[in-house]
Amino acid sequence: MSPQTETKASVGFKAGVKDYKLTYHTPDYETKDTDILAAFRVTPQPGVPPEEAGAAVAAESSTGTWTTVWTDGLTSLDRYKGRCYHIEPVAGEESQFIAYVAYPLDLFEEGSVTNMFTSIVGNVFGFKALRALRLEDLRIPPAYSKTFQGPPHGIQVERDKLNKYGRPLLGCTIKPKLGLSAKNYGRAVYECLRGGLDFTKDDENVNSQPFMRWRDRFLFCAEAIYKAQAETGEIKGHYLNATAGTCEEMMKRAVFARELGVPIVMHDYLTGGFTANTSLAHYCRDNGLLLHIHRAMHAVIDRQKNHGIHFRVLAKALRMSGGDHIHAGTVVGKLEGEREITLGFVDLLRDDYIEKDRSRGIYFTQDWVSLPGVLPVASGGIHVWHMPALTEIFGDDSVLQFGGGTLGHPWGNAPGAVANRVALEACVQARNEGRDLAREGNEIIREAAKWSPELAAACEVWKEIKFEFPAMDTL
């Protein structure tokens, strides 16, 4: 008998295919504090029992494969396998279930979102036994989150760097997003910043195209920042998009931004990838740069209710990988975002400890053990009439970003910035005086417009603009 045959015989190997649930469905399992916990929305194919579907998810995202293999006997599956430990039906859905899976921490490389996602949201999402699969939430244990640097700086450090307290920060995406020359682009940045905004932003599409190469844009934007700072006495910034075709080129752009002395750079973290994002976040902490994160491509992943990854998971992953700001929807603007769900993942971005709350889509209690927080960015189809609602919904620790709502002002960019700053200051003052922004918001804006012709003009332009469509992402 060969040594190989002896090994197979000694572990009782029996070739063939057996149900996943025999090994991976463990309803008696008590989860450990060190386990990564996942909540999957599972839609099995007709005839596939929920227990088998949930067990298949646990198996295919951890140690399992479609058939028994003799090398199972060379390791301890009980130590390394994922376990489907609970299954519950989804209210109002006949064939959907929430499958809870526990993964032992040894399955994952320390400090690597890339490795974590490769397992948990890898090949299993194409598994034929499932009609659809969506990752609704993850519980990241402190033992794992402590292996990540997280955001380069966090909310408090950013406020200290900018010397700005007690209100949301104001931003603006430069439009048109594509086609401007570098000098005209810099001019638009200057006008917005001198009008009262804290930040301006490269659109996520802006990298280094023939009409505007990145180095030229960086230089003219830096000039605009320094000129606006000198005139206003406030610290200003522009999100210089360092996203590039290679990690090496991305880092070269970040290094040049640091050499210019600007306060912040930007990255498209989903199209750029988690490995690139984590590398950039480490550089930003080491070199004093803030990092703004755009979520381009997120709706491809998170918008379908039955399949994909919920944005709360992508938000948690970003907090681990690293970013000081991230776009998070508006609730009231043109982009997707239901209020309670949005506030749920906003808290997951900002707060240190978040209790389980299914009414807001939070499946697990999350303890970040002092990992720095991320400022949520509200952006997309918002204007001055939205300011009371945005201030009330997002609170002080946020960035309110008006692109068309600044540059679309009939008098130009600087008056558009003035209108937004006046509206924000009026809302913050009214809130601090105890007024109800949700109920009195329009009146607060009208009162402020009496003393600000720029705000009055903005109110007139956008008085009828609404984006009233039902949210796709509901509980």
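Cβ atoms here come from the backbone N, Cα and C positions, even for glycine.
Feature list (source: Swiss-Prot):
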MOD_RES   Pro3  N-acetylproline
MOD_RES   Lys14  N6,N6,N6-trimethyllysine
BINDING   Asn123, Thr173, Lys177, Arg295, His327, Ser379  substrate binding site
ACT_SITE  Lys175  active site, proton acceptor
MOD_RES   Lys201  N6-carboxylysine
BINDING   Lys201, Asp203, Glu204  Mg(2+) binding site
ACT_SITE  His294  active site, proton acceptor
SITE      Lys334  site 'Transition state stabilizer'
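Local packing around the Cβ, expressed as the count of other Cβ atoms within 10 angstroms, is greatest for His294 among the recorded positions Lys175, His294, Arg295, His327. Asp203 (Mg(2+) binding site) has its Cα within 10 Å of the Cα of these binding-site residues: Thr173, taken from Asn123, Thr173, Arg295, His327, Ser379. DSSP assigns Lys175 (active site, proton acceptor) to coil in the three-state reduction, placing it in neither a helix nor a strand. When the recorded positions Lys177, Lys201 are compared by the number of other CB atoms within 10 angstroms of each CB, Lys177 has the fewest. By the criterion of other Cβ atoms within 10 Å of the residue's own Cβ, the least surrounded of the binding-site residues Asn123, Ser379 is Asn123. For the pair Arg295 (substrate binding site) and Glu204 (Mg(2+) binding site), the Cα-Cα distance reads 9 Å.
For Thr173 (substrate binding site), the same-chain residues 6+ apart in sequence whose C-beta sits under 8 angstroms from its C-beta are Thr200, Lys201, Asp202, Asp203, Ser379, Gln401, Gly403. Among the recorded positions Lys175, Glu204, His294, the ones whose Cα is located within 10 Å of the Cα of His327 (substrate binding site) are His294. Of all the binding-site residues given, namely Asp203, Glu204, the one with the smallest number of surrounding CB atoms inside 10 A is Asp203.
Same-chain residues that are not part of Lys201, Asp203, Glu204 yet have a Cβ within 8 Å of the Cβ center of the Mg(2+) site turn out to be Thr173, Ile174, Lys177, Asp202, Asn205, Val206, Tyr239, Asn241, Met266, His294.
DSSP gives Asn123 (substrate binding site) a helix state.
Nearest to Asn123 (substrate binding site) in space, judged by Cα atoms and limited to the recorded positions Lys175, Glu204, His294, is His294. Relative to His294 (active site, proton acceptor), the recorded positions with Cα atoms inside 10 Å are Glu204, the candidates having been Lys175, Lys177, Glu204. Lys175 (active site, proton acceptor) sits 11 Å from Glu204 (Mg(2+) binding site), taking the CA atoms of both as reference points.
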